[in-house]
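Residues or ranges marked as transmembrane segment by TrEMBL: A:12-35, A:55-81, A:93-113, A:137-155, A:184-203, A:209-229, A:236-255.
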Amino acid sequence: MWFQLLLNTLSLGSFYALVALGFSLIFGVTHTFNLAHGELIVLSGYMAYGLSKAWQAPFALTLPLCMAAMACLGQVLLALVRRIREPFELSSLVFTFGLALVIQNAMLFLFTADYRRIPASGKPLRLTADLIVTRNQLWLIGLSLAATALVYLMLRKTFLGMALRAVIQEREAARLAGIRVERMNRIAFAVGGALIGLAGPLFGQNAYLHPAGGMEATLIAVVITLFAGTGRIRGLLAGAWLLALLESAAALWLGSNWRELVSAGILIALLMWKPEGLLARKKPAPEL
Amino acid sequence: MRGVPASRLAAVLVLLAVLCMGQSAAFASEIRIGEINPLTGKLANHGQEIHLGIQAAVDEANEAGGIEGRKVALLTRDDQSRPEVAVSQAEDLILRQKVAALVGGYVDSLVGPLSQLALRHEIPYVASASLQTHLTREGNNPYFFRISHLSGLVEPLCGFVTEALQARSAALLHAATPGATELSRELFKCLKKAGADLPLVEKFQPGTPDFSPFVLKLKASPPDVLLVAGFFQDHLILARQIRELGAPIKAYIGPWGVAYPSFVQEMGRAAEHLFGLSAWNPGMAVPGTEEASDAFTERFRRVYKKEPTTTVMHGYTSARVLLHAVGRVLREGRPLRGSEIARALRTIDLLLPMERVAFDTKGDPLHYRQVVVQIQDGALVPVYPPERAQGTWIYPMAPAASNP
């Protein structure tokens, strides 16, 4: 039972991490608090659903297609976000909230109010007498590790990543250092959009698709980003696993209704005592 | 500044007067019925189904020449699955649109506030889907009626688990909503009384993305039957995880959300042998109404290009009942006032495909009983009570491994 709990937690945490990756990157680089994040994930899920139903596209093929489509949509979103005036953070919050409603209603019109689910990828695998792993879990764990590693390597091992990190840390200083911040915004929205595109089909396979179902995904993304700290990609995955472990443990020992209370409690405590994120190091005091 | 010529002003005033008179005449000749349903938001799938059912009843009445020769105008409002929006929309319908009565509503958190509003404005309200006992039993609200109630679910469900399946143990999992909590509480009492063991009773927040810790608890000490008072989307996740993780339960029963063709379609083989409840389905009508049921099904498929469901039929039944009461008031030559329609509703006795509708003094239906259905080879087969059964139940359900 304990190994199964651990495996389920790992897969749930991976699911959380995939949902949060795109949000964290876009928020970190561009300071856009994208409340339409969940709706975009659901939209990507609907695209995968449509591809699999209409053209019997295999699940693996829907992933790159959705990633490409959402990376393009990310550029459209950036073009809209650019028109927002100061105070940018607050205005982007209000703007994306409105956008979320527009996307919700568009999805309601296009895909109806019926709940949809992308079918499982195959039969579960029995590893031992008590340990079962499903294909969905393998997809989640594998893709979250791969996506986290790629984004991490991009940020840490490339000049582009260095520039992106500079923008995350201090936007104006990065501009003064000659970094083209607008270009970094475009890249963040493209990569973030692709990550949203990756999360959508997995969301549709592990949860469900419904025009009003994006709010849960947005909440997950916000909680995980705050939990880990902005721009901390490895921390994001570790934070997602830790949160999943705490939620699962609460559901197992205290009851299913404690799950949300645990995450809400952690979020409140974090905002009060460690607002930079649980896994973020404190910034050193500036040297004179 | 040049003034507006008096002749032009007079012409505009006359035009306005004519328009107002025309509108008043239209108001007087047509019967205005207000409908409030969750057409967007979380509950939109069932809200839209109820809406189609109501629309079908109104269209049917208008095609037959209206009610006593008067056309029925249905004014539909979306409550966005939010109680405060439901109230403001209902106030608009009552105060501005001057509707004669209200119909519709899905789940008690949306229906409850409307029932109080109906009482305040003395406008009859026939709820399409409402369960909570206190809505009718506490206080006196002569303007609130509903075509469903909780015992219509609890009695067949408890009878099926204890008498038909003779299950010795059951687990209860319910959503943290008022209706689901009360259903779970009543089931708990009933199953305890019948001597069943209830080792696991839990609630969850709607929208939970993962039930695997609960499934692990089921695996550790599996009950015979799992009763899940959740909704369509919750079953999509939980039933799949139970299959995948191989929890050895003998029966999975979801009173809401399982007995739908769309659920079978989305779940595929993993839906096999799951039990649900349904008040009506095509081919599953109250005895004596088969012909009317088939006619409704055929017409609905033709006009709306959709498969009618039990939720559609709840909407249809509530609207048919209301229109019948309105017709009676008009036939008796009484004014079409809220009190008169409510009086007519209290004395109604109408046999419809879903149920024979008659209300008790509190506005609850006297004959509402749901039927236990099981998904067998992708079809919804009524299996209990015996008088409505069209097949036998499969128990225990097929092992998890054969249904990925």
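Every residue, even glycine, has its Cβ placed from backbone N, Cα and C.
Cβ atoms under 8 Å from those of the transmembrane segment (A:236-255) belong to residues 5, 8-10, 12-17, 20-21, 24, 144-145, 148, 223-225, 227-228, 261-263, 266, 277-279 of the same chain, restricted to positions at least 6 beyond its ends. Contact counts against the transmembrane segment (A:55-81), taken as Cβ pairs under 8 Å, peak for A:184-203 among the stretches A:93-113, A:184-203, A:209-229.
The recorded stretches the transmembrane segment (A:93-113) and the transmembrane segment (A:209-229) share 3+ CB pairs below 8 A when only pairs 6 or more apart in sequence are counted, and are therefore in contact.
Counting only same-chain residues 6+ beyond the ends of the transmembrane segment (A:184-203), those with a CB under 8 A from a CB of the stretch are 15, 18-19, 21-23, 25-26, 28-30, 37, 40-48, 59, 62-63, 66-75, 77-78, 118, 136, 139-140, 143, 147, 151, 154, 160, 163-164, 167, 174, 209, 217.
Within its own chain, the transmembrane segment (A:209-229) has Cβ neighbours under 8 Å at 16-17, 19-20, 22-24, 27, 35-42, 45-46, 49, 100, 103-105, 107-108, 111, 113-118, 199, 203, 235-236, 238-240, 242-243, 263, 266-267, 270-271, 275-280, counting only residues six or more beyond its boundaries.
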